[in-house]
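Presented below is the structure to which this report refers.
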Amino acid sequence: MLMLLVRGTHYENLRSKVVLPTPLGGRSTETFVSEFPGPDTGIRWRRSDEALRVNVGGVRRQLSARALARFPGTRLGRLQAAASEEQARRLCDDYDEAAREFYFDRHPGFFLSLLHFYRTGHLHVLDELCVFAFGQEADYWGLGENALAACCRARYLERRLTQPHAWDEDSDTPSSVDPCPDEISDVQRELARYGAARCGRLRRRLWLTMENPGYSLPSKLFSCVSISVVLASIAAMCIHSLPEYQAREAAAAVAAVAAGRSPEGVRDDPVLRRLEYFCIAWFSFEVSSRLLLAPSTRNFFCHPLNLIDIVSVLPFYLTLLAGVALGDQGGKEFGHLGKVVQVFRLMRIFRVLKLARHSTGLRSLGATLKHSYREVGILLLYLAVGVSVFSGVAYTAEKEEDVGFNTIPACWWWGTVSMTTVGYGDVVPVTVAGKLAASGCILGGILVVALPITIIFNKFSHFYRRQKALEAAVRNSNHQEFEDLLSSIDGVSEASLETSRETSQEGQSADLESQAPSEPPHPQMY
């Protein structure tokens with residue numbers, strides 16, 4: 001009897017019975033062979049001209065040795081040229097010795113395309129697989145991009161470059177098209193924070209009332225009041241700019257100066273000032289309530305709409321504190337203190353962005369701008385190059401004429417207006433060369449602006465459809481299911497705990513009964 005020990009594996013009775021290593025997911029097997037393939041004997045464990053039987057995800061095929069020999073660098077080519085069964089097992093997932101069949105737990109659809117590659121030498125792209133899954137399958141089987149057919153190579157490379165940011169395509173990737181799972185997961189994580197918080201259930205309901213207009217009837221009423229206050233604030237700012245109010249404030253300021261008082265506190269109309277105070281009080285209440293009810297303070301300050309709320313009310317309180325600290329003398333010394341109030345009034349216009357909570361179009365526009373920074377950068381680059389070139393040409397052609405083209409920086413305004421096809425007409429060329437330059441500037445602007453705008457418009461359409469689909473899913477969802485989700489976050493009920501205990505006891509009993517010796521099942525081939 002001959003006994004060998006190779007890499008920790010015991011081989012006994014070399015010419016009669018061989019105990020082979022345990023395959024992946026199976027039992028240790030025994031087989032009878034004529035000779036053992038030693039590393040120095042040069043004897044192969046299977047014939048070199050023997051066909052290779054493979055099973056890929058349930059698809060069984062038989063490949064000829066001649067076809068595999070044409071591509072020795074591929075996985076199946078290396079499997080065909082394997083010098084030992086141990087080496088072959090490293091290249092597959094499992095091996096059926098009775099059928100002499102190699103099993104691969106891979107995509108069966110790609111395997112059919114792989115068979116076509118071994119017949120023709122060209123690999124074609126599968127539309128059923130995304131580019132990344134297709135690339136992973138190709139790398140696993142030992143195929144590179146050079147194996148792609150000429151008809152599919154350009155399309156594959158283009159899709160691979162544009163797939164991570166393909167916001168204008170109707171793909172099925174969760175990150176770009178179907179945000180519902182991600183957004184629902186975010187909501188669940190936020191709601192889970194209330195489980196261990198004090199008065200968590202009450203805070204959670206109030207937070208949902210303020211953040212979700214469709215949550216309940218009080219949330220709809222709160223949303224209507226918030227929109228009304230925002231519109232009233234914007235209307236007050238617009239009314240304040242009317243000439244009659246400006247004249248009234250100017251007269252009040254002159255009277256205050258004549259009386260020896262600071263004119264800063266009497267410039268506002270009393271009605272508009274009261275309306276402004278009411279809006280500020282509501283905005284302050286809204287911001288403070290959201291901050292107190294927010295499940296995460298860090299996430300609250302990272303939300304763009306919350307930052308807009310804070311920036312809108314903060315200048316008012318800073319101006320109020322400065323006025324109280326400086327008094328009348330400070331107001332006279334720092335005459336520009338009123339400009340801070342003007343800045344506050346200007347920043348109030350950003351309150352209109354709060355309407356994005358209730359507008360699908362505004363949310364789609366924000367998402368489009370967020371994911372179109374590359375296109376916007378390209379657009380600005382094109383405009384900068386075009387304005388610089390045509391401004392220099394217009395300056396050269398019109399510098400002798402007194403029409404406003406005195407310097408190249410002065411021509412930048414004309415170039416920007418012309419390239420964007422606005423055409424105010426305040427500065428126009430008068431010479432033939434200047435008019436030709438203006439014609440080129442206008443035509444170039446049409447071409448330059450149109451190219452990125454098309455991509456941005458496609459992205460906006462994509463995000464708009466996605467937001468509409470999400471809103472439809474939220475409207476059609478059962479309110480009782482959402483209540484069940486909220487109840488599940490509070491904790492497991494006593495009935496659920498009792499059921500889990502009974503299930504655990506039954507499982508332990510089943511485990512005790514299953515400890516009896518039995519014949520291990522044979523692995524099944526799919």
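Keep in mind that glycine also has a Cβ here, set from the backbone N, Cα and C atoms.
Feature annotation (Swiss-Prot): of 61-66, 415-420, 421-426, 493-498, the stretch labelled motif 'Selectivity filter' is 421-426.
Topological domains recorded in Swiss-Prot put F111 on the same membrane side as T297. According to Swiss-Prot, the feature intramembrane segment maps to residues 409-420, out of the candidate ranges 109-120, 145-156, 409-420.
Beyond the transmembrane segment (374-395), the same-chain residues lying 6 or more positions past its ends with a Cβ under 8 Å from any Cβ of the stretch are 165, 405, 407-408, 411-412, 414-416, 418-420, 429, 433-434, 437-438, 440-441, 444-445, 448-449, 451-453, 455-456, 459.
Taking H, G and I as helix, E and B as strand and the rest as coil, DSSP gives the topological domain 'Extracellular' (396-408) the counts 4 helix, 0 strand, 9 coil. Counting residue by residue with DSSP, the topological domain 'Extracellular' (429-435) contains 4 helix, 0 strand, 3 coil. Using a Cβ-Cβ cut-off under 8 Å and counting only residues 6 or more beyond its ends in the same chain, the transmembrane segment (218-239) has close neighbours at 208-210, 212, 245, 272, 275-276, 278-279, 282-283, 286, 345, 348-349, 351-352, 354-355, 357-358. Listed by sequence, the residues of this chain that lie at least six past the ends of the topological domain 'Extracellular' (396-408) yet keep a Cβ under 8 A from its Cβ atoms are 414, 426-431, 433-434, 437. Averaged across the topological domain 'Extracellular' (323-337), pLDDT for the predicted model comes to 56.
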